[in-house]
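Here is what Swiss-Prot records for this protein:
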type: ACT_SITE; residues: Asp138; note: active site, charge relay system
type: ACT_SITE; residues: His170; note: active site, charge relay system
type: ACT_SITE; residues: Ser327; note: active site, charge relay system
type: BINDING; residues: Asp147, Leu181, Asn183, Ile185, Val187; note: Ca(2+) 1 binding site
type: BINDING; residues: Ala275, Tyr277, Thr280, Asp303; note: Ca(2+) 2 binding site
type: DOMAIN; residues: 111-380; note: domain 'Peptidase S8'
Amino acid sequence: MRSKKLWISLLFALTLIFTMAFSNMSAQAAGKSSTEKKYIVGFKQTMSAMSSAKKKDVISEKGGKVQKQFKYVNAAAATLDEKAVKELKKDPSVAYVEEDHIAHEYAQSVPYGISQIKAPALHSQGYTGSNVKVAVIDSGIDSSHPDLNVRGGASFVPSETNPYQDGSSHGTHVAGTIAALNNSIGVLGVAPSASLYAVKVLDSTGSGQYSWIINGIEWAISNNMDVINMSLGGPTGSTALKTVVDKAVSSGIVVAAAAGNEGSSGSTSTVGYPAKYPSTIAVGAVNSSNQRASFSSVGSELDVMAPGVSIQSTLPGGTYGAYNGTSMATPHVAGAAALILSKHPTWTNAQVRDRLESTATYLGNSFYYGKGLINVQAAAQ
């Protein structure tokens, strides 16, 4: 009897110990997951020949989880806890570990802007953007809209895999300004014959990880886009994002990016990223009277201005509406680049950019207006 009681006591004690240990392990696991964040881990150029498996091992050995390895950037998107971040920063093969920041669409809320930048002058000459491919790196495009001709695309938003569904309406609006069809309905885009590609990197709330944007730019490079429109941005720089933007430009793509909607703050630049990078054309917004919109970001990085107040364009569901923002100004520049390339298909992206900037109409202090309002008629001469 005593032996039986002893056995029961031992069994109870073991059960209690196991339960406590399991609870402690669960608590540790919960504690670990709560501190995990999304990062981009960059590897040193001397390690460029390192295999994908080896790079994954470097991160995994530190407790990280690799989400995606990039094609043109020697880096990987990963989920890491604080300990893994510290250990990776010490690893001799790692160049940097940076947070995978979140970018947001730059919008606040007829196309008078089409006339304001002199696009109809090129239309009348027969140049409408034919044979020019424009990647709209945004929230997707409603491909069923009767005023849009979407030729292809891809989604890099894990939870929203259809690039032709636009939950925020932002990308569809941007697409219409670039290339709404000349079909007697709705609105007219800057380059109505340009080929639109929906590259989805923002979710239905208008937000997206930098790693999603990097994937989108890499897709544009691999698919030989001529123009990239990025009506998005964030307040924080990223080595990986700059690397892929620079790669896009060195690949011959014209890259237009929204300067941001942060307004002015004395002599401090409020231009966001990726527009802040020198390789992009940073676009600010003016109204129909060529006055800088109060929300338009300012700074020495600002390159040109375009209409961005009460811009009427396409919306999901076959509808239309007016939005404000440097997001709305940027597609005027992307569309203008498409018009120029349709007239001068042998021009390089550097030539297109130089013409857009050198022929812009002076509006005032470059800190607030860059080179001025684009004039695509003059730029295409």
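Backbone N, Cα and C atoms are what each Cβ position is placed from, and that goes for glycine too.
Its own atom aside, the Cβ of Tyr277 (Ca(2+) 2 binding site) has 20 Cβ atoms within 10 angstroms in the protein chains shown. With all protein chains in the displayed structure included, the most crowded Cβ environment within 10 Å among the recorded positions Asp138, Asp147, Asp303 is that of Asp138. Listed in chain order, the extra residues whose Cβ falls within 8 Å of the Cβ center of the Ca(2+) 1 site residues Asp147, Leu181, Asn183, Ile185, Val187 are Pro146, Leu148, Ala180, Asn182, Ser184, Gly186, Leu188, Pro192, Thr314. Asp138 (active site, charge relay system) has His170 nearby among the recorded positions Asp147, His170, Leu181, Ile185, Val187, counting only those with a Cα within 10 angstroms of its own Cα. Cα-Cα distance from Ile185 (Ca(2+) 1 binding site) to His170 (active site, charge relay system): 20 Å (rounded to the nearest whole number). The binding-site residues in question are Leu181, Ile185, Val187, Ala275, and the one with the fewest Cβ neighbours inside 10 Å is Ile185. Neighbours of the Ca(2+) 2 site: apart from Ala275, Tyr277, Thr280, Asp303, residues of the same chain with C-beta atoms within 8 angstroms of the site's C-beta centroid are Val255, Ala257, Ala259, Val271, Pro274, Lys276, Pro278, Ser279, Ile281, Ala282, Glu301. Spacing of Asp303 (Ca(2+) 2 binding site) relative to Asn183 (Ca(2+) 1 binding site) is 33 Å (Cα to Cα, whole number). In this structure, of the binding-site residues Asn183, Thr280, the smallest number of CB atoms within 10 A of the CB marks Asn183. Taking the Cα of His170 (active site, charge relay system) as the reference point, the closest of the recorded positions Asp147, Tyr277, Ser327 is Ser327.
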